[in-house]
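Notes to accompany the following structure.
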Ligand SMILES: *Cc1c(COP(=O)(O)O)cnc(C)c1O
């Protein structure tokens, strides 16, 4: 007999009392970051990139906050992300699908009023056909590959479509865009090369507003701004200018709960593999956060409590980490207290640096069993 599985209710929020950790997302900081980016752009418009559930922070909450700053253009990666966002934002804002529409997904995209990002000539043909079938002019961005070799029409494809009389029939070309590969390295020669190639390719296409800059691209200067910028990372507090002071406000704070404390004598082996054996007495606390929550196993860091740094001791486990709390007065840190993991004492970019990754990867890896709280917005 076939069994029908009933899906459990999704996305139930973990209570503060039950949670092992708390993720605090400051929507006022997101809004301030948007204003800072917009101020840099002068007359240029500023979109919000909220793919991957708003870099893990909640696309619904982030986009709603950005709407209050007047943001009316959003980018996601997948059709499904666009459909969800449309339900939240209503009909007005433009929602672009960066990865392009997979063959067969055009109808869904049309139904949700999504804008296609055209990354190749087959996608262009399919979208034109969708326009014919729907009898509507469909909102469209043409992405060209100006030198990243990832997505977008190649130079040869641009030349071919430019030569065809009916390539864009039924399409409302609202944007010609491209993406920078090395924007976070201002001196990298690829930036200027991509800028020149973008200009060259764009000139062959129907006249439309242009978009090139991601977060870091905004900081390359006005030549890169064009009509619309597409920041993601900087909105979420990731430094768009690595190597210089972060011009953005931090957005996330991660605090983990103490679930046990103990006093160890000399000779105690700590954690998996006994990578540390105590030489003298050590006070420890075990916190309820581990690699299953997106804290990378190799990211040996410290937690902070009342300004005191509490180094990890032994290996990071799936659900827990052991801290050396000997620097605190005895009994000061108790079960149920929260220690800071990401915040003013240890920034997101610093945590990323511990394992040679980037803030983007840390944010999008952060787990789903935290208690999440939003402030402001
Ligand atoms: C992700 C993405 C962005 C945003 O990039 P950030 O570096 O996060 O600002 C912009 N454009 C495209 C095409 C992207 O894929």
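Just so you know, glycine gets a Cβ as well, placed from its N, Cα and C.
Here is what TrEMBL says about this protein:
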- 51: active site, proton acceptor (ACT_SITE)
- 272: active site, proton acceptor (ACT_SITE)
- 150, 318: substrate binding site (BINDING)
- 251-375: domain 'Alanine racemase C-terminal' (DOMAIN)
- 51: N6-(pyridoxal phosphate)lysine (MOD_RES)
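Between the CA atoms of residue 318 (substrate binding site) and residue 272 (active site, proton acceptor) there is a gap of 11 Å, rounded to the nearest whole number. Counting every protein chain shown, the number of other Cβ atoms lying within 10 Å of the Cβ of residue 272 (active site, proton acceptor) is 12.
In the three-state DSSP reading, residue 51 (active site, proton acceptor) counts as helix.
Helix, strand and coil residue tallies for the domain 'Alanine racemase C-terminal' (251-375), in that order: 20 helix, 48 strand, 57 coil [DSSP]. The average pLDDT the prediction assigns to the domain 'Alanine racemase C-terminal' (251-375) is 96.
If you take the C-beta of residue 150 (substrate binding site) and look for same-chain residues 6 or more apart in sequence within under 8 angstroms, you find 179, 181.
Cβ contacts within 10 Å of residue 318 (substrate binding site), excluding its own Cβ and spanning all protein chains shown: 10.
Here the CA atom of residue 272 (active site, proton acceptor) lies 36 Å from the CA atom of residue 51 (active site, proton acceptor). The Cβ neighbour count for residue 51 (active site, proton acceptor), using a 10 Å radius over every protein chain in view, is 21.
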